[in-house]
Amino acid sequence: MNIDLSRRGFLKLAGAGVAATSLGALGFGDAEAAEKAHVRAFKLASTTETRNTCTYCSVACGILIYSKGDVAAGEQATIVHIEGDADHPTNRGTLCPKGAALKDIVHSESRLTTPRIRRPGTDRFDEISWDEALDKIARALKDDRDANIVLKNDAGVPVNRWTSTGFLAASATTNETAWLTYKTVRAMGIAGLDNQARV
Amino acid sequence: MDPNLDSPRTAAANPPIQPMPANLGAGDVIRASAMPDLAPPQRQLTPVAKLIDVSKCIGCKACQSACAEWNDTVPPIEENVGSYQNPSDLGPEMFTLMRFSEYENPNGDFEWLIRKDGCMHCTDPGCLKACPAPGAIVQYSNGIVDFIHENCIGCGYCVTGCPFNIPRVSKTDHKSYKCTLCSDRVAVGQGPACAKACPTQAIVFGHKDDMIAHAEERVADLKSRGYENAGIYDPAGVGGTHVFYVLHHADQPALYSNLPEDPRISPVVEGWKGITKKVGLAAIGIAAVGSILHGLLGRANRVTAEDDREAEEYVEHSLPPGRS
Amino acid sequence: MTNPWTDIRNTDLVVVMGGNAAEAHPCGFKWVTEAKAHRGAKLIVVDPRFTRTASVSDYYAPIRPGSDITFLMAMINWMIQNDKVQWEYVKNFTNAAFIVKDEFGWSDGLFSGYDPEKRDYDKSSWDYVMGDDGFAQVDMTLQHPRCVWNLLKEHVSRYTPELVQQICGTPKDRFLHIAQMIGECSAPDKTMTSMYALGWTQHSKGAQNIRGMAMLQLILGNIGVRGGGMNALRGHSNIQGLTDIGLMSNLIPGYLNIPTEKEVDWTTYMSSRSFKPLRPGQTSYWQNYSKFMVSFLKAMWGDAATAENDWAFEWLPKLDVPGYDILRMFELMKAGKITNYFCQGFNPLLAFPNRAKLTEALSKLQLLVVMDPLETETARFWENHGEHNDVDSAAIQTEVIQLPTTCFAEDDGSLVNSGRWLQWHWAAGTPPGQARRDTWIMSQIFLRVKKLYETEGGVLPEPIVNLTWDYADPNEPTAEELAKEMNGRALSDVHDLKDTTKLLTPAGKQLVNFSQYRDDGSTMGACWIFSGSWTEDGNMMARRDNTDPDDAGMYPNWTYAWPLNRRVLYNRASADLKGKPWDASRKLMEWNGEKWTGYDVPDIAPTSKPDEVGPFIMNQEGTSRLFTRGMMRDGPFPTHMEPFESPIANPFNAQMRGNPVARVFADDAAQFATSDEFPFVATSYRLTEHFHYWTKNNRINAALQPEFFVEISEELAALKGITLGGWVRVWSKRGSVKAKALVTKRLKPLQCGDKTVYVVGIPLHWGFVGAARKGWGPNSLTPFVGDANVETPEFKAFLVNIEPATGEAVS
């Protein structure tokens, strides 16, 4: 229950007038308990490790995603940590300030979780079901395409060009998403297809 | 404790996911605050070090980001006050910070000197010496100086005792915080999160001898590029440090956001050592100590008025009835 | 990038100009620090600001935004004047020896054939003299006065160090010091690498900036070699892939072209794509165009694409303009001509220029569909956020549907990095709430549209109802199925073209690579350049062997690089005319007397003899091009053009504004300002702490750079009475923003002749949603005009005014 009270001596040296009180006054518990030096429990123990690629720039750093639960095994999985993959030839485990905080974008408060609709003239989003949203979109596409696709130009040449609906594609989706997007958008005849590479 | 395990030699590794015992524990503690009669350690780990090569640093703050992610801290979203330095200071939620200084050298060329600030893990740690709470600050045989928050009383003495002005006391839980050198990672053979993340490997981690050798290569490269005064900053005044720098201008550390030229533990704090008389602790001394230290230690080692006030409040609130 | 990130460690000199690699690509920049630490390489930074890249450079020079062509042409001039030329490379591997038509010329800042009414060139004079043998004429001695080399020499002779100082504001001594450093890399055993990004592309003459450096690199012999190359540091994680797969108005996957309406049928379309070699014996690989195109059409429409219907060519949209790029689409939207608009992971309200115009345009849509993992400003363009988005919600009649998508951590698939590596990744987390994959969403939209056509009929249903859709689960094709389609497979047995008895790939099997693509309908393949990525041997993009023979930085068994797992483009040019490496210590490819060997897949037929077949096999010349014929709209050589908003007149032609052939819409022309009213030059950029408009949704990155600011010099601060950390108002002819002032020594006024030019730096990471403090982007200020060739907006040089502001912005 005793401690090295060198500070007491210090206070004397400094000439300050102080009052004595008990050890417990500072909130100390059992001093022996204080000997239990310990490091924090390693937080990745018993997690699932999955290899992925950073979603930001095109250095495309290899990353390791640690989750509680295993998606590949059909489980619900919550991502608890992300860090660089030391085996990756480009980044060798390093990450930039964006990549090092990837977990935060996965769990951002700005993540969208439900389809929503903002109706004309209103000042809010309302929730909507997937079915309703997708049906509305399909209807709008067909109506506009039927009304506005240009089948032939003035010279009578078939052009099959639909310019009154446009599509901006992503820059971080997979190649596979990109191909499916290309395929469906072009099949409809959309000319105004573009992606972030333009800027 | 497996006697065959030693300190990790690199931060460039992928962490384990299988459960494993920590290879860093009570038996590796060589010093603990306010515990002079500590039993000797059960083994000697090879000292580790984090080398920060300022000349390779691009000031990207990946270290800050990785630090916050690994340690689950939530740094404050502040304002821009005309600087790239954000958050504006170290804090209980931000254990490391890029400090930016603009310098026009005698040749008229501009230099942007960016230094990662944070705990230096001194071989002779002022924080530990100043700390009155038994076992709140420990030093392991590998050189890591770690805060054991369960034992921390939030008095702020560690701030006062630190020649580098590093620890910060939380206003929320009244505990003092700083870089742990990712002791939890080191304990499973990994390096600190910042060193692993650092894109240019301006931060590297390993055995201190290896880091010194690496630093010497870096100094030679800098000298070949015209930095005649390039050198290693591993200050002897605190017994050397387990976080140390390569500087292009090692003759002028103050250029790097006031890195101390010759940091030492205050003679006053040193004076505490050796007086081993065992008496009850002076609680109301906290505020007095703060103000005295103000006058005596000076320079970088300041206890702010805010610290004083907080410490005082804490003591008052924690005192049992009738004790004040 | 011509070379992989990991190759940068092989260089002797890094030039970062038109980019800021340390901040925008920190982990790629690692290889610069490695080259410095282990090869003694040097780093040069040329930038209007002293950036964090400059903070670790060996030499820095400032430059006025928008004046890079002058700097680069002067650099070429200096190399020629000082004989810093890799002669063997230039004579044999570039078109220096090709003779150009007599009619071609340049005067008053313009090339021959300019029509000011059309704002376009008649490019017929920008071409080679053709001989009776059907090939372009050359003079290998480079003596002919009309050969490309002598025309280039004359063209660049105007660009002196003095002119650099006058136009760029770069001090002459700084320019000359850099010229000396670069000149050393003309030695065959010295290489320089160019790392650039949007600092070069986001100009009305962006493509010509890049041409300028590419020409310099060719003159130094630095293309195709280890540690060399033109390295475009792409911005987003799969922007390379999205471009490769052709998600642009005028593209088809693999850099094929959507037809124009002048190409009235398949025969006409193919007639301009014969790609006959311009010199004897050259490869001219685009001669295979029809195989790639037919295989693409078969991937789209399968059995419905037949020889009889010209592979369903008619179903493709045909363009009446060069492209329906984003600028044109928003111009049409503002005019009320767009009904529906989709934004898939894209936030145009902050990403495109002139935000006021964007808001007006979006307000005229009937339906805006936003697919995104995150909230975006675009999805909430109708929502009032005080001064940060001051709109009247009630007046905006646009319906907005916001669909939650998964993010990178929740799906499988491949991304193409800047070095053309296709890297596969795996899902790790469960999507939040009802978020779904983009593949499911696109399938659902398409299947519903298809069903409407099947049940109701409608206009031109054929391309929709016949679209190939043979997925195991039609509701959600898997990444594996889609990747296999891009690789391509045999629809019927594929035989060797030279030995038709030899079966290469039986029907139904994945093709080995695009050499097995056919134009007879026997193969399908959606993206020929990706072919080889998923073969019968499996998913090559998932390979994880990181061994690296000779420490060359090629990592040949790590994932897959297009084309054909080739890591360095034009790598045959790493060896001389005998096939010996220019630098034995940095061998990449070598001719062993019978074939090409080395550490990479040769970028030439393996048995093409080194002294017969040129290294630039995609070009009809077999060489690279110092002179681009009529392939670019604004000239076969780069010529100095000012930004549309500039503080000084073009010294070659004071009447010429901006790029004389850039497309300008009438309303936007009226919004171009002059320096009388807006005296300061602004430029936009990213900061390393943030990724565009995404990471402001993330608490940690928001803490690292919390608030919108602008950077100005101490001199400009003094001139306008602006204090460090104080509020300022910055405005252009198109809008106004309020920001904190970061006053710094890192920006200095530039002296351009008798004009002092002050630069205002405007980072782009803030908006009105997310965790960071509310702010604006530079796009509230920027002009609505794009590059003449590719319509990339001019974000990097425009005019503003600035003044101190009082009171904190209300947020």
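Cβ coordinates are placed from backbone N, Cα and C, and glycine is handled just like the others.
Just so it is clear, the model here is predicted, and its values are computed rather than measured.
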[4Fe-4S] cluster 2 binding, same site as B:C179, B:C182, B:C194 - TrEMBL member from B:C60, B:C67, B:C122:
B:C67
Of the candidates B:C63, B:C155, B:C162, which does TrEMBL annotate as part of the [4Fe-4S] cluster 3 site that also includes B:C119, B:C122, B:C127?
B:C162
TrEMBL tags one of B:1-24, B:217-240, B:289-312 as region 'Disordered' - which one?
B:1-24
Using only what TrEMBL says about [4Fe-4S] cluster 4 binding by B:C152, B:C155, B:C158, identify which of B:C131, B:C198 is listed for that site too.
B:C131
Near chain A by Cβ (under 8 Å): which of the binding-site residues B:C57, B:C158, B:C182, B:C198?
B:C198
At a CB cut-off of under 8 A, do any of the binding-site residues B:C60, B:C179, B:C194 come close to chain C? List them or say none.
B:C60
In angstrom units, rounded to an integer, how far apart are the Cα atoms of B:C152 ([4Fe-4S] cluster 4 binding site) and B:C57 ([4Fe-4S] cluster 1 binding site)?
34
DSSP-derived helix, strand and coil totals, residue by residue, for the domain '4Fe-4S ferredoxin-type' (B:143-172):
8 helix, 5 strand, 17 coil
Count the Cβ atoms, other than its own, that fall within 10 Å of the Cβ of B:C63 ([4Fe-4S] cluster 1 binding site), considering every protein chain shown.
31
Which chain-mates of B:C60 ([4Fe-4S] cluster 1 binding site) that are at least 6 residues away have a CB under 8 A from its CB, listed by sequence?
B:P199
Pop the Cα-Cα gap between B:C67 ([4Fe-4S] cluster 2 binding site) and B:C57 ([4Fe-4S] cluster 1 binding site) into the table, whole Å please.
16
Cβ within 8 angstroms of the Cβ centroid of B:C67, B:C179, B:C182, B:C194: which residues besides those meet this for the [4Fe-4S] cluster 2 site?
B:C63, B:A66, B:W70, B:N71, B:F95, B:T96, B:G118, B:T180, B:L181, B:P192, B:A193, B:A195
Give the distance between the Cα atoms of B:C67 ([4Fe-4S] cluster 2 binding site) and B:C198 ([4Fe-4S] cluster 1 binding site), rounded to the nearest whole Å.
11
Between B:C198 ([4Fe-4S] cluster 1 binding site) and B:C182 ([4Fe-4S] cluster 2 binding site), what is the CA-CA distance rounded to a whole number of Å?
14
